[in-house]
Structure formats: C-alpha cells, structure tokens
C-alpha cells in the first residue's frame with residue numbers, strides 16, 4: 001500500500017510484497033485513519049448525459065482526532081512503502097461510468113461499490129497500485145476490525161458462487177487473509193458479473209480498526225494480482241461494459257468542497273482538466289509504471305535522474321515517495337527536519353575530501369565508492385562491501401555503521417556532483433553535504449516543515465515525457481489541523497528500490513491531485529494534464 005502509508009498510498013504517509021507465487025500485495029492507504037465514526041450521505045442520480053454519479057461528503061478533521069490521525073498515519077505509511085520493497089476525449093459520455101470519490105484530508109480517496117444480489121454496500125479505495133478486490137467477510141469472527149466495517153454475507157446474495165481458494169495479501173504491518181469467492185460487483189451503474197474477489201477473514205488490528213474504508217479495489221495489471229485473479233477492470237472491458245478501455249482520476253484538492261473527486265470508467269471527462277495530456281508508455285505491466293526524467297528543485301536539476309528513473313502513478317499512495325538521495329535534497333531545500341544519519345555524517349567526515357578529490361580528478365562517479373572501499377562495483381552500480389560495524393570501545397556495542405555506509409557514500413557522490421556543477425567551493429560543498437545528512441527523512445516516516453514558511457519554499461518539478469510537471473509548496477505540503485495547532489508535513493518520503501527495478505518514484509495522490517491522470521489500458525500508456 002501504499003501511503004507511502006503518513007503511505008501510505010503516505011496513500012502515502014505510505015508499496016508490495018509477494019504472497020507465495022500469487023503476486024503481490026496490499027495497496028497503500030494512509031492518513032485515511034481516524035478514530036471518529038464515518039458518516040456518509042449518499043446520493044444516487046442519473047444525469048442527462050447518461051452518467052451515474054455517487055455523491056459523497058467530505059470529512060472534516062477536528063481537534064479531538066488530530067493526534068490519533070497522525071499516529072495512525074505512520075502505520076499506514078509503513079504499510080504502503082513496503083508495497084514497493086521488491087528484491088483528449090475518449091468515448092461518449094453514455095459509455096462512461098463515473099464513481100464519485102471521497103477525499104479524506106487530501107490524503108486518501110475512496111468510494112462505494114456493491115457486491116452481490118441485491119448489492120451489499122462497501123466503501124473501498126480505488127488503488128492503481130494493486131490488482132485485487134477484497135472486503136471483510138461475514139466469516140471474520142476473530143479480528144476486531146471486522147466488527148467495525150461492513151461484511152460480505154454470501155448467504156444473502158442470489159448470485160454468489162463458492163470458490164474457497166485461500167488467499168493472503170502481505171503488507172508492512174501485517175496481512176489480510178481469507179478465501180476467494182465469486183459474485184456480481186456493482187461499480188457506479190455497471191454490474192460486473194462473476195467477479196472473483198477475496199473475503200477477508202483476518203485483518204491486522206490497529207490499521208483496519210480505525211480505517212475509513214472497508215476494503216480495496218485494485219486497478220493495477222493482472223501480473224501483480226494475488227492468486228492471478230482477474231481484476232475488476234479487466235472484466236469491465238471483457239464484458240463490454242465500457243466502450244473505451246480507459247479510466248481516469250480527478251482528485252479534488254479543494255478542502256472547502258464536499259466533492260472529493262471522480263473516477264471515470266470508459267473515458268475522460270473534459271471538465272476535469274485543462275489543455276492536453278502528456279502521454280508516456282507503460283514500461284512494465286504490473287503497476288502503471290513509466291519512464292521519468294530528472295527532478296528539478298526550484299528549476300535546477302538534481303542530477304540523480306538525469307540518466308532516467310522509473311515512476312508509478314499510484315492512487316493508493318497519499319504522498320510522493322522517491323530515492324532517499326533526492327528526497328533529502330528536496331527536504332533540505334524546503335527546510336524539512338529529518339533524522340540525522342550516522343552513516344551519512346561518518347562518510348562525510350572520513351571520506352568527504354577523498355570523494356571530492358576523485359570527482360575533481362574526473363574519476364568515474366559510479367566507481368568512486370568502491371575505490372574508497374565502502375562498496376564493491378558489480379559493473380553497473382555500487383553494492384555493499386560488507387563493511388564491519390564500528391564498535392564503541394567503551395561498551396563494545398555496534399554504533400550501527402556498516403552496510404549503510406555504501407548507500408551513504410553514493411548519496412554523497414551525487415550531492416557533490418550537483419554542487420560541483422554549480423561551481424561551489426570545496427568547503428561549501430562539504431558543508432552542504434553535511435546539511436543534507438541532517439535532512440535525511442525518517443525511515444518510513446515524515447519530515448515536518450514550518451507552516452509559516454510555505455510561501456517561500458521552492459517549486460519541485462518532475463520531468464515526464466520531456467515536460468516539467470510543477471508542484472508548488474501549497475501542493476506538496478500536507479497541512480494537518482488549523483490555526484496555531486496546525487502541523488505541516490513534507491509530501492516527500494524516502495524509498496530506495498535498487499536497479500534494475502529502480503530508482504523508482506511513487507507519484508501518489510499529492511501528484512495526481514495536481515494533474516488529472518488517464519490510465520489508457522488499450523494503448524498501454526499513462527497521461528497527465530493540469531487538473532481543472
């Protein structure tokens with residue numbers, strides 16, 4: 001899940017783990033966690049354009065549940081980040097299906113579906129970072145969270161078909177497990193027949209106890225589907241329920257409005273975006289993954305992704321997760337406070353000048369960390385050389401320095417390269433790298449910023465299809481609470497995926513809220529345009 005887990009899908013904060021042979025994981029869900037009860041006001045209407053719209057109210061965060069939300073968001077971030085811890089107008093209005101999305105604190109979007117005949121209602125996250133549909137089962141007897149959410153009762157559905165194959169989806173803080181069943185699934189006014197889904201009979205306690213949703217509806221590719229189950233979206237297309245094999249997300253970031261956004265199946269609503277979409281091809285089926293160029297900080301290249309990075313558009317992650325190297329640079333630029341890294345500080349102190357000298361001597365940057373003995377070089381990138389931990393002579397305990405020094409060295413090389421291109425002095429460069437060490441984000445956690453400084457923070461841009469997609473401070477800072485008690489969280493969290501899968505960026509709701517996103521299943525591409 002994602003967010004990212006703050007994950008998740010930070011849901012960001014808020015990623016995927018394998019369940020036996022059966023593919024992956026659990027899509028992130030983050031900051032969707034609140035201890036207060038969820039009250040919906042659902043309105044079903046068919047407009048004159050033939051679209052069915054499901055209206056959902058926006059939740060307001062109050063003083064009493066703010067602290068609980070922050071605590072639970074950390075759990076959600078851990079869950080979502082581990083998800084990725086791997087070793088134009090389309091169609092006619094009448095042929096599209098629209099599901100209104102509920103927005104919780106600009107961190108998670110979810111809506112309602114029905115399962116069975118007559119339909120039993122469930123609130124689900126529509127997650128492009130996973131591929132299974134699961135909801136709590138009436139046979140969930142021993143997990144407390146099941147008593148606080150809607151449960152599927154197969155005995156009350158005339159279209160239920162028994163399957164019984166066991167299923168488990170693992171994520172950062174636990175797992176959901178249960179068994180497969182088949183039934184009709186209603187999404188908007190579409191009815192998907194004989195859909196395979198998971199009845200969850202076990203759920204981790206804390207995470208789902210306070211969650212604002214019952215389950216997950218995955219919109220990723222079948223390649224990552226647990227049990228190789230056919231995703232709901234695939235069946236929509238195969239059963240001829242949509243004219244165009246396209247769906248699109250519009251996420252409303254205006255906290256003053258009750259409407260959380262819309263998910264449109266079968267096409268694109270031209271009222272949801274401005275200008276034209278920039279499309280990039282899907283490079284690896286599973287997640288909606290594509291190639292991305294460099295990340296710009298206040299218009300200046302970071303240099304880390306100049307050779308290319310991969311990215312995933314993930315509606316199940318709330319924040320934006322990316323390589324720790326660049327996230328630290330971003331957090332430094334915006335003044336975010338992270339955790340001081342022993343490895344990073346030690347590398348700068350012991351090897352900083354040597355690294356600088358090698359860079360000035362035009363040594364191959366990728367080989368420098370192996371030259372100084374912190375990494376071995378496997379021909380493409382540095383890997384841990386198995387450095388022994390530094391031992392405190394007083395008590396013989398390890399200080400925690402060791403394999404992490406390889407990655408810290410590689411980060412230092414990138415940072416120094418960046419500064420050398422800007423013709424900074426050696427003293428200034430070493431000071432800058434030390435400052436970045438102090439801005440390293442907490443592992444699977446958030447970095448806080450001063451709310452009063454938001455207006456002076458730089459623009460952060462992602463290069464997609466050769467075009468920069470800008471995020472202003474107001475768009476990448478998540479504000480929790482109001483007035484003097486408000487807390488502001490950086491929308492960027494560290495996530496390191498090694499080659500060949502990485503480096504990888506997870507562009508969650510924080511990005512998709514700024515840019516209307518089209519998932520073109522037919523042409524295997526993803527499109528972004530400024531959201532209206």
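Including glycine, each Cβ sits where the backbone N, Cα and C put it.
In TrEMBL, annotation is done automatically, which means it is predicted and not curated.
TrEMBL has this to say about the protein:
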DOMAIN    109-529  domain 'Peptidase A1'
DISULFID  140-146  disulfide bond
DOMAIN    339-379  domain 'Saposin B-type'
DOMAIN    402-443  domain 'Saposin B-type'
The domain 'Peptidase A1' (109-529): mean pLDDT? 86
Provide the three-state DSSP residue tally for the domain 'Saposin B-type' (402-443): helix first, then strand, then coil. 31 helix, 0 strand, 11 coil
Helix, strand and coil counts within the domain 'Saposin B-type' (339-379) (DSSP): 26 helix, 3 strand, 12 coil
